[in-house]
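Taken from Swiss-Prot, the feature active site, nucleophile covers 175, and the record attributes it to sequence analysis. Residues or ranges marked as FMN binding site in Swiss-Prot: 62, 63, 64, 65, 66, 86, 139, 172, 217, 245, 268, 297, 318, 319. Taken from Swiss-Prot, the feature substrate binding site applies to 66, 111, 112, 113, 114, 115, 172, 177, 246, 247.
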């Protein structure tokens, strides 16, 4: 009930202003009696992924809490994990405003944020300051002004700094809003990046006597051959997980709607089927060797079950969470428990 009222107010506001207000409000109310306004108790439905045991299979996807400011509030809502970021080595403002658009009739969102964040050092402070023991994944990327050829250096810097504070690390090479970033998904650039990240992971594991899994987040706009090549690279470099998928550049199902022609990545309900299709294709290529976290257009428990059926071991929500509220977490967990 509270969420429906809050949503009605926020949907009258500019989307990015509403986002900042939401994160700020959650930060202020976390670990206080006011969590009763959005908190809920969800019975455990444990799932093992990447050598970790999560209390339930529903996580918050990266992009909602980029700087890790409201982790404890999302824990109160019942998320099994929170993925913060995308974070870059240095703070950056992201792309010009406006850069976030609702497509309400389609339950979709278009964003061209451009990895706006306060930098990895700020994120680490917030990870240290959190009071709950929720599993936190850290999604890492490269700064906009770092040449693609040197992109791997940015990922290694972020890995070094977040390693001790992350349950797992997600490598984002699939955002459409950083020029040239998606080129890292192909050929030699992909293999060089994954190899460098794996080497760094093993060095850090030896140094800290702690193994932190790494997962690769991929785009939905890939051919079957490209998915096969990514799967082979993941297996070759012994990655621990794959996250499928990021936002899409396609506009299927939204043509004619207000804001549909805005540039950027499309998420939400219009992405549902494409994301599930990519998960299924990726699962066939990985043959059970590497687990998949399914994300993209989950707007209901049925959407989540389709991701599990396609081959995902765990799921994440973001746009669906904005449109449906915290009740979506409980609905998915309950459906998973009955599955």
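Each Cβ is built from the backbone N, Cα and C atoms, and glycine gets one as well.
Owing to the predicted nature of the structure, the values given are computational and were not obtained by experimental measurement.
The number of other Cβ atoms within 10 Å of the Cβ belonging to residue 114 (substrate binding site), over all protein chains shown, comes to 19. Here residue 246 (substrate binding site) is positioned 10 angstrom away from residue 62 (FMN binding site), judged by their C-alpha atoms. Here the binding residues for FMN are 62, 63, 64, 65, 66, 86, 139, 172, 217, 245, 268, 297, 318, 319. Their largest Cα to Cα distance works out to 19 Å. The two recorded residues, residue 112 (substrate binding site) and residue 268 (FMN binding site), have Cα atoms 15 Å apart.
Note on residue 172 (substrate binding site): other Cβ atoms within 10 Å of its Cβ, all shown chains, come to 27. Within the same chain, residues at least six positions away from residue 139 (FMN binding site) with a Cβ under 8 Å of its Cβ are 62, 63, 83, 84, 85, 86, 87, 169, 170, 172, 217. Take the CB of residue 217 (FMN binding site) and look out to 10 A: across all protein chains shown you find 27 other CB atoms. Counting other Cβ atoms within 10 Å of each Cβ, the binding-site residues 62, 64 show the lowest value at 64. Within 10 Å of the C-beta of residue 66 (FMN binding site) we count 22 further C-beta atoms, all protein chains included. You'll find the Cα of residue 66 (FMN binding site) roughly 12 Å from the Cα of residue 114 (substrate binding site). For residue 318 (FMN binding site), the same-chain residues that are 6 or more apart in sequence and have a Cβ closer than 8 Å to its Cβ are 60, 61, 62, 63, 64, 267, 295.
For the pair formed by residue 114 (substrate binding site) and residue 268 (FMN binding site), distance between Cα atoms is given as 18 Å, rounded to the nearest Å.
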